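J.: Copying in the features that TrEMBL gives for the protein in this structure:
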| type | residues | note |
| --- | --- | --- |
| COMPBIAS | 1-10 | compositional bias 'Polar residues' |
| COMPBIAS | 11-32 | compositional bias 'Gly residues' |
| COMPBIAS | 406-449 | compositional bias 'Basic and acidic residues' |
| DOMAIN | 16-284 | domain 'Pyosin/cloacin translocation' |
| DOMAIN | 440-522 | domain 'Colicin E3-like ribonuclease' |
| REGION | 1-46 | region 'Disordered' |
| REGION | 212-235 | region 'Disordered' |
| REGION | 406-475 | region 'Disordered' |
| REGION | 491-525 | region 'Disordered' |
Amino acid sequence: MPNEDTINVNGGSGGKDSGIHWGGGGNGGGNGSNSSGANLSSTPEAQKPAAYGVPAVIGVYDGMWGFTLFTKTTLQEAMQAALTRIEQGAVAAVPLAGRLLGATIGALIPSEIAKDVPRMMATAHLVNSLPFDKVSTTPPSALPTQKATVVHTRIADVVDEDGKQHIAVVKSKNMPMSVPVVDAKPTKRPGVYTAGVVPGKPDLHVKVDAGKAPAVSQSQPKGIQKEQGASRYPGFTTGQNTHEAIVRFPDGKSPPIYVSVTEVSTPDQVKKRLEEEKRRTLAWALNSPVEAAAKEDKEAGDQLSRAQADIVKAQERLNKALQAIPQRNSDLDAANKGVEAMLKWVKQVEVYAHDPDHPGHRVFLQAGYKLGLAKEKAKVSKAALDAAIKEKADAEKALAIAVESRKQKEQKKKASEQKLADEKKKPRKGAKDYGHDYHPVPKTEEIKGLGDLTKGAPKTPKQNGGGKRPRWYGDKKSKIYEWDSQHGELEGYRGSDGSHLGAFDPATGKQVKGPDPKRNIKKYL
């Protein structure tokens, strides 16, 4: 089979064999040869079953990789919850214009992934998919004329202080984000299509199946720790190891789908990326003090809200403990009275204790047995009361800690509000005053992910004077890239009309900001 992305569209199983036979193991499993005899070299889409919103670990085997997407499944709970949390985070009203909001849904654990797919760990990736209408408001009928389309939601990787790579749902209502549109092309095999998703990697094979999904397609794969992270700003390196595409099928064979593929990073790679994230955040904060203060204030507000929620939970726990103690006391009193009653009975019949031939001896034995049961019940009741008293003490401690935490968060929020107010009052120096040298100009060979670039003569003036922006040409001069030394990013423009294409990370070529319709360098072409 040629090395090409394969997408097999199946309208439904109808009780018939779908042609895909899943091997043993869970969703995180798969070693290139399954128990049913599927040949992954000829049917790489059999490597993994997947459902919307459920991550699947895939890797290259014999130069092939892929998965089968079962589309008649409800959106995974963690994914739906993340979307809800982001909506509740008031994306449209965040104080940072143009920033994203994200919520993590899973932490990647490379060591566990390596155990599960040892033969593919070197090329291990995480694939996620969503219905197109979950990520964009663009009419599907408009996709044939677009090379990329605007989306409001993405699935991308982020790094965090815990030293792990996470998968997050990223959303924006006020910052345009674009994703390439890929046409699914027919192959010689009926019902099989090809489409490119991950540049520079072996082709991805996908089968879209509208039939009944196997349970394994909706299970959490090994090596992915489920999370329900609070909504927050995801960071400057968001999506650094993620490639995405909107796959459009011809002739309405299947609705378009959003596909996100993330390369699994090693701990060392995550560490280096986290250092880069910290550097870029610091540079941004120094250059954008008002926005940095607004971000700090927003995070302080979120922390205060969570602290208040912790108090509510702690108070509910204490109330429950307080309600339990009277009942436990009552139970113990009743149990102790039962012991006293049994002791009296034993006392009454102990005269027959040493006369086994007397009918009363049997009554004595019965009384002794019931006394033992009564004592055991009293012991259990005493343990329950002790546990309730301990739970009350623990709940009181938890409430005290929560109250103290809220006090600290209130102080932090008050300080962040004051800092934001102070920053807004400060007179701002222009770029010329600072020398416009926050980020040194990279060498041409240091710029990655944007193809072959040619250094060009600077033409566009820097903001507030101070010279002209360094320039490069790409794609046979159809694209122009200029260095933004304030943010350490490359601003992209069309070579034909000077319209803005967005900002790009020079280290990866990944788009970090969407196009700005107000920006244009036509007069400097």
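Every residue, even glycine, has its Cβ placed from backbone N, Cα and C.
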J.: Restricting to the same chain and to residues at least six past its boundaries, which positions have a Cβ under 8 Å from a Cβ of the region 'Disordered' (491-525)?
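T.: Counting only partners 6 or more residues beyond its ends, the region 'Disordered' (491-525) has Cβ contacts under 8 Å with 98, 150, 175-178, 236-240, 276, 442, 446-450, 459-461, 469, 473, 477-484.
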J.: Taking DSSP states H, G and I as helix and E and B as strand, how many residues of the domain 'Colicin E3-like ribonuclease' (440-522) are helix, strand and coil?
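T.: Final tally across the stretch: 4 helix, 32 strand, 47 coil.
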J.: Report the mean pLDDT of the predicted model across the domain 'Colicin E3-like ribonuclease' (440-522), rounded to a whole number.
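T.: Within the domain 'Colicin E3-like ribonuclease' (440-522), the model's average pLDDT equals 88.
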